[in-house]
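Asks: The structure that follows is given in the form of structure tokens.
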Amino acid sequence: MKYSVAFVALAAVAAQAQSLADVPKCAIPCLDKAIASETSCDKTDLACVCKGFSAVRSKATSCVIDECGTDVAINEVLPATENLCKNPPKESEAKSTAEEEKPTTTAAATSTLVVVTTSAEVVETTAAATTTVAPIIPTTAAEEPATSTPAAATPTKGPEQANGAAGLKGLGALAMAAFAALAL
């Protein structure tokens, strides 16, 4: 789950998978194990495996990252497995694809990595400064010193921040995911 923010960010730009052959070979053993432990489906029955999609991807995530690396997991494995479960081939198509590949490579297309969306609120605070100025010209009547207080800034958030640091919030999430990957 630590890697989910990065997966969501990069999944939209990845190529669509058309068959089990589009899943990187390094992910196949991890996905095979996850399918076997989390479903009672045959590895080539994508319609069945996609029904238990969440459990399979949760089980396979850390193994895929360990075996393939974060970059391959995000840019290749995740999009390939998500697209296969969006439009899984009919059982006969899955079997014909499986016959063309090694038997250990057919289960990879049935799961994806964990996707969790998180958000954080930025709070901005300001302090008001008070300045006291003594009169410069002496007068005969007693006057009190003039006091001015600048108006306090109002914290802002939301879509009105169209540029600056607000435009980099996706990059921050990606950096957070990269640090989480290094922590393991």
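Cβ atoms are placed via backbone N, Cα and C, with glycine included.
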Asks: Of the cysteines CYS41, CYS63, which is paired with CYS48 in the disulfide recorded by Swiss-Prot?
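Replies: So the cysteine that Swiss-Prot bonds to CYS48 would be CYS41.
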Asks: Consult Swiss-Prot and report which candidate among CYS26, CYS50, CYS63 shares a disulfide bond with CYS30.
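Replies: According to Swiss-Prot, the disulfide partner of CYS30 among CYS26, CYS50, CYS63 is CYS63.
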Asks: With reference to Swiss-Prot, specify which of the listed residues CYS26, CYS50 is paired with CYS85 by a disulfide.
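Replies: Among CYS26, CYS50, the record in Swiss-Prot lists CYS50 as the disulfide partner of CYS85.
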Asks: Out of CYS41, ASP45, CYS50, CYS85, give those recorded positions positioned within 10 angstroms of CYS68 (disulfide bond), comparing C-alpha atoms, in sequence order.
Replies: none
Asks: Using all protein chains in view, find how many other C-beta atoms are within 10 Å of the C-beta of CYS41 (disulfide bond).
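Replies: Counting Cβ neighbours of CYS41 (disulfide bond) within 10 Å gives 19.
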Asks: Using DSSP and three states only, what is CYS30 (disulfide bond)?
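Replies: Helix, per DSSP.
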Asks: Measuring Cα to Cα, tell me the gap between ASP45 (heme binding site) and CYS63 (disulfide bond) in whole angstrom.
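Replies: Cα-Cα, rounded: 22 Å.
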Asks: Between CYS41 (disulfide bond) and CYS50 (disulfide bond), what is the CA-CA distance rounded to a whole number of Å?
Replies: 10
